[in-house]
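Under the heading active site, nucleophile, TrEMBL lists THR378. If you look up TrEMBL, you'll see ARG102, THR396, LEU397, ASN398, ASP418, SER447, SER448, GLY469 marked as L-glutamate binding site.
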Amino acid sequence: MKYLCYDKTQLMRFFLLGLLEVLVITLKAQHKTYSVGAISAAHPLAVEAGVEMLRRGGNAIDAAVAVHFALAAVYQVAGNIAGGGFAVVHIPEGQVLALDFRETAPMAATADMYLDSNGKPIKRASLDGAPSVGIPGTVAGMKMLHDSLGCVSWQECLQPAIELAKGHKLTKYMADHWNNNAKEMLRINGQLPSFLNLYVPFKEGDWLVQTELAETLESIAVFGSDSFYLGTFAQQMAEFLKSKGGRHTHEDFALYRALWRKPQLISYRGYSIYTMPLPSAGGIGLHQFLKMAELLCFNRVKPYTVKYAHFFAEMAKRVYADRQRYLGDPMAVDQIEIQKIQSEKYLKSRAASISKRRITPSDELGASQSGKIESFQTTHYCTADSSGLIVSITTTLNGYFGSKLYYKGMFFNNEMDDFSTAPGHSNQFGLPYSEVNKVRPGHRMLSSMSPTIVVKDGKPIAALGTPGGSTIITNVFQVIELMIRGWGLQSAIDQKKLHAQWLPEDLIVEKGALTPKKLRKLSRMGYNVQEIEQIGIFNGIEIQDKKMIPAADFHRKGNSAAGGL
Ligand code: DON
């Protein structure tokens, strides 16, 4: 095993430098602490909706439900009714639960549904309009969470969202997103929602009124999830999707279930990390990442050095190569292989194959084709209360406004693209084709979303997560790893991010993460380095002795906000 080795002087230097960094960062970050409850989410009005639940005596679950539906009204680019996601929940007794409300493929879906008669992929078929839509899980997921642990009424939890749908002021970020996507919305729908006008773009501060959305939310508030999955509304949605080229039926909606799953538990340097199991690749990916990091003493490598970037990229490559080969819906995977790739023996050999200098060519880890990472949109939110109830949720429509197909105030997801839809072709995140993740009726498409809760000595210390498609796993790894070095959640979030994923073979670097000299050195080593403006938008909550300190990506592009009582 090629562990990294340091002499005592080097270790002392790292220790002192690290200590200094931690001190500076801690001084810079003067964060608000809350004792009743705290919220961190992608939009200030959604945070306010959660805080309102706390004011009414609600708990972290009530706040989460309020935040979720509020995001559907104010952050439509990713917030959703017709999407899906994952929740990791810490309950006061200490147990951690995982809820899967991921979309499913319609029962009439087939592995070749995105191929033409010559077996070639039909351009954008899994990304645009009705064919790209998975059966949404959000309403079932929120209702399941609320029925299990909520304390104020379901109607009350939806009320803030209904008010926001009736009218709210647009932020610049959301005005820009509406303007940038309006043309595509018109192309896909043949018309625009009544509040959008191609020739009169939105600007910051404009008042957005979404009457249809308010009506849809009201019906969900009054009739619960049955109205969405069983009643006339479900029938109409299925007919609408079918009329637009989808294969959805009323039965697909009736069959949909949110599922409780055993969370993935990872032990890393004395911490317990709870995250999402399959159908998210996040759990197994983070397990492999953190275990390799532990074996390689990665915590002793100074962040943002060439060595750090190289070891990070090599571990990421191995994680993503296994993801492509083995991971998919739990019903499709080979459980023996799943056990094997998480075993100590296997991970030791994977870590040992990392050289200090040489880049492992991707085809040594399994040959496949390359692709491009294009889109970065989803959202994460966290809520916590003084009882010890903590909720960490990542939810998505997949692309910006999902399929962009608009119906009764909602945008439908385009989650079908997370399946492997065409042999030899990658999806929008550059993730290569994988047999185990091919489209199967009723199955859930493999995800990267990794809502996480970190526990130390039986006590939760943080909840966190981010959007970013395939970059989610590498970025959640980075934040957890830095936090456990002692950086504090906010400081860890503020740090620049790196990403690598086996294929494409690029090392993706957030601008400013590495100096030009280091970038040149990595290029000379053989890395295809790509600098990009931003990776991820984190939201999290740090917990210190019952005090809750929400953290968020306040400095990156977005609307991230935090608050509490
Ligand atoms: O489930 C997944 O992994 C993707 N559908 C998530 C999409 C995403 O994060 C988009 N970008 N930020």
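Using N, Cα and C of the backbone, Cβ positions are placed for all residues, glycine too.
Calculated from their C-alpha atoms, the gap between ARG102 (L-glutamate binding site) and the residue listed as 'active site, nucleophile' amounts to 13 Å. Same-chain residues that are not part of ARG102, THR396, LEU397, ASN398, ASP418, SER447, SER448, GLY469 yet have a Cβ within 8 Å of the Cβ center of the L-glutamate site turn out to be GLY84, THR378, GLU415, MET445, MET449. For SER448 (L-glutamate binding site), the same-chain residues lying six or more positions away in sequence with a CB closer than 8 A to its CB are SER280, ALA281, GLY282, GLY285, PHE429, GLY468, GLY469, SER470, THR471, ILE472, ILE473. The L-glutamate site in the record is lined by ARG102, THR396, LEU397, ASN398, ASP418, SER447, SER448, GLY469, and its two most distant CA atoms lie 14 Å apart. The Cβ of ASP418 (L-glutamate binding site) lies under 8 Å from the Cβ of ASN398, ASN427, ASN437, MET445, LEU446, SER447, each of which sits 6+ residues away along the same chain. For ligand 1, the binding-site residues lying close by, meaning a CB under 6 A from one of its atoms, are SER447, SER448; the full candidate list was ARG102, LEU397, SER447, SER448. Taking CA atoms as the reference points, LEU397 (L-glutamate binding site) and the residue listed as 'active site, nucleophile' are 7 Å apart. Residue density at ASN398 (L-glutamate binding site): 32 other Cβ atoms are found within 10 A of its Cβ, drawing on all protein chains shown. Taking only the Cα positions, the spacing between the residue listed as 'active site, nucleophile' and THR396 (L-glutamate binding site) is 5 angstrom. The Cβ of THR396 (L-glutamate binding site) lies under 8 Å from the Cβ of ALA78, ASN80, GLY83, GLY84, GLY85, GLN377, THR378, THR379, ASN413, GLU415, MET449, PRO467, each on the same chain and at least six residues away in sequence. SER447 (L-glutamate binding site) carries a strand DSSP state (E or B). Between the listed recorded positions, namely THR378, SER447, the fewest other CB atoms within 10 angstroms of a CB are found at SER447.
Using a 10 Å radius centred on the Cβ of ARG102 (L-glutamate binding site) and all shown protein chains, the other Cβ atoms total 31. In the three-state DSSP classification, THR396 (L-glutamate binding site) falls within a strand. Of all Cβ atoms in the protein chains displayed, 27 besides its own lie within 10 Å of the Cβ of GLY469 (L-glutamate binding site).
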